Amino acid sequence: MASTSAASNELVSSTINTILPTLVDGLDLNQRQSHDFFQQVLQGNIDPALMASVLTALKIKGETPEEIAGAAIAIRAAATPFPERNKEDIVADCVGTGGDGANTINISTTAAVLAAACGLKMAKHGNRSVSSMSGSADLLEAFGVNLSMSPETANHCLAQTNLCFLYAPAYHSGFKYAGPVRKAMGIRTLFNILGPLVNPAKPNIMLLGVYTPELLMPMAQALQLTGVKRAFVVHGSGLDEIALHGNTQAIEINNGELIERTISPQDFGLKNYTLEEIKGGTPAENADIIRDILSGQGKDAHNAAVIVNCAALLYLHDKAESLTQAAQLATEVLASGKGLSTLLTLVKLSNQDVSSTQTELKADK
């Protein structure tokens, strides 16, 4: 047994030693090489100088889908486990890479809440702000969501209210080994686009926004390699969301097929709004805006931004035959105020110890 482990470690070490020379020669890594390298990064086994060199070489060359997927699979495997579900159970995420610099309201987070209110199972994976004053974690914390809830509590939230939040730093402790290197480098690297791909709940449906159109195809192909069967990868005229101020470039993943699309607000039966109309603020300011939206009292532009992204999720779940029909469903649920009650239920459940809750339920019986 020990000799097998030693041989395996020796093989990984040999692989790591070939990675930088391969990249310096302008060649791509295969998925296994990328996986093994990032696996060692997460265990603290990679020298900071080598890590910085490899990240820089990947950046200069341009990361391939295999390199992205290999890293993502390694990171997800090393994450704190989320309770397994039945293979036929559908779970989705609505997430962006960040980095678009637009400082909009929290569109993807709010769309995820609305989608949960529409009956979809949403496991939202997120962090604090990257490209704005308020990230998904900042917003949900402002509402009172317990970011440090256990995986069991998060799973209970998902079962009870169709919604949970997985705070990235609570699941990906191995990132601490890369933190100082990333900070010293001061540039975007592969790590900046991995967040949407490493959700520990392993969603099988995704609405994934990217900050540049150059990432559309690589991220779509990487999603396929990580096992996602149904998704939209989108870039909306400068945003990592579906846009209202212009067209959205999209790649639809449909069971192995990649379909390039251009989507406009009119495809949802809506009109255009300016980017200025959906600008956000601090977490507290955004929380007030989101509370109005989810209670059915939001401004038209804010509502529309959330509706189009929620509608895309409904369409991917085959809850509607067209984006227009999906938008109508999202609009009806939004007007009902059910979105806010869904979020407030998440707040309540996230602050309960699921083990004690289950004990109380047994006692009641």
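Numbers run from 1 along the shown chain.
Glycine residues also receive a Cβ, built from the backbone N, Cα and C atoms like all the rest.
The anthranilate 1 binding site feature in Swiss-Prot is assigned to G96, N127; the stated evidence is sequence analysis. The 5-phospho-alpha-D-ribose 1-diphosphate binding site annotation in Swiss-Prot covers G96, 99-100, T104, 106-109, 124-132, S136 and is backed by sequence analysis. The Mg(2+) 1 binding site feature in Swiss-Prot is assigned to S108, E241; the stated evidence is sequence analysis. The feature anthranilate 2 binding site is assigned by Swiss-Prot to R182, with sequence analysis given as support. As annotated by Swiss-Prot, Mg(2+) 2 binding site applies to D240, E241.
Same-chain residues at least 6 positions away in sequence with a Cβ under 8 Å from that of the residue listed as 'anthranilate 2 binding site' are, in sequence order, L55, T189, F191. Look at the binding-site residues H125, R128 and count other Cβ atoms within 10 Å of each Cβ; R128 has the fewest. Each residue contributes its Cα atom, and for G96 (anthranilate 1 binding site) and S108 (5-phospho-alpha-D-ribose 1-diphosphate binding site) these two points are 7 Å apart.
By neighbour count, meaning other C-beta atoms within 10 Å, the densest spot among the binding-site residues T104, N127 is T104.
Of all the binding-site residues listed here (T104, H125, N127, R128), T104 has the Cα closest to the Cα of E241 (Mg(2+) 1 binding site). Put simply, of the binding-site residues S108, H125, N127, R128, the one whose Cα is nearest the Cα of D240 (Mg(2+) 2 binding site) is S108. When Cβ atoms from all protein chains are considered, those within 10 Å of S108 (5-phospho-alpha-D-ribose 1-diphosphate binding site) total 27, not counting its own. According to DSSP, H125 (5-phospho-alpha-D-ribose 1-diphosphate binding site) sits within a strand segment. Spacing of N127 (anthranilate 1 binding site) relative to S108 (5-phospho-alpha-D-ribose 1-diphosphate binding site) is 13 Å (Cα to Cα, whole number).
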